[in-house]
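Have a look at the structure below, then the notes.
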Amino acid sequence: MEISEIFKLGKEYYLDSQYADVNREIKMIISEVLNLEESYITVHDDIEVNSDDEKKIFEILNRRKNGEPLQYILGHQFFYKHDFVVDKNVLIPRYDTEISVETILKAIKKNDRVLEIGCGTGCVSISIALERNYVKIDSIDISDYAIENTLKNVRKYNCENIKVFKSDIYQNVTDKYDIIYSNPPYIPTREIEKLQIEVQREPILALDGGCDGLSIYRRIIKDLDKYLTKQGFLILEIGYEQAKDITNLLGDYNTLVLKDLSGHDRVVIATKGDIDVRKFRSF
């Protein structure tokens, strides 16, 4: 069967789905199985696929039809500038989170120390470490699965400036940091059952933000002064319509809200120092 025919049949697996870019997904699957660049597949869609590879492709498509996330099936996800191992039971990296990486990079000064609360796959910490190899980063998570997944990616990219350890927020944290970053669970409990089926396959621990979606933010902010340096930055990724509530929780901190490429509030920056608005908004 030719690639063009696989594309045609593959689309039938997505008829009842909510995925925006079906062609891209099918291309990713074919690329993975055939070990060919996506750009090559686009130009050479008349390539004949052998029966074994054809079977693998349609097995993956069937798993997708049943709601299994593609990143769990393939075992990896591209984020920022690199490809990361993604294990089941760990939150899948989102492209929207790349604005957090850009924001942290703008905030970092030489010799800064960074803490990431809830490292997941480690994609944010590692992206920062690879761009700023002089920065020391502590990456923590309450999940053993996340710790293991982050360590796999740290070893993959040989990031000697990252320390990974288990901690429930600040439980095992003893130092002060110039930048504290977190993308905590922020979906209200009542909204979990309304999520796409594939999102519901991700760990509840990484999704459920309590009754109003703000429970982990409160815990991070409550003891923030103990762990953030006087001129340090707290950088938080947030959900829709949470900016006002979170800036209110931050009290006397100076704050700035950044939007993502879709125009939604996505990141809150907080500090007791000054915020260079032009610097942080220049993406």
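Cβ coordinates are placed from backbone N, Cα and C, and glycine is handled just like the others.
Automated prediction, rather than curation, is the source of TrEMBL annotations.
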According to TrEMBL, Gly118, Cys119, Gly120, Thr121, Gly122, Asp141 bind S-adenosyl-L-methionine, and the residue from Asn62, Asn66, Asn183 that belongs to that same site is Asn183
Could you state the CA-to-CA distance between Gly122 (S-adenosyl-L-methionine binding site) and Pro185 (substrate binding site) to the nearest Å?
-> 16
With DSSP as the reference, give the number of residues of the domain 'Methyltransferase small' (104-190) in helix, strand and coil.
-> 28 helix, 23 strand, 36 coil
S-adenosyl-L-methionine binding residues Gly118, Cys119, Gly120, Thr121, Gly122, Asp141, Asn183: largest Cα-Cα distance, in Å and rounded to whole number = 12
If you tally other C-beta atoms within 10 angstroms for each of the binding-site residues Gly122, Pro185, Tyr186, the top scorer is Gly122
Roughly how many Å separate the Cα of Thr121 (S-adenosyl-L-methionine binding site) from that of Pro185 (substrate binding site), to the nearest whole number?
-> 15
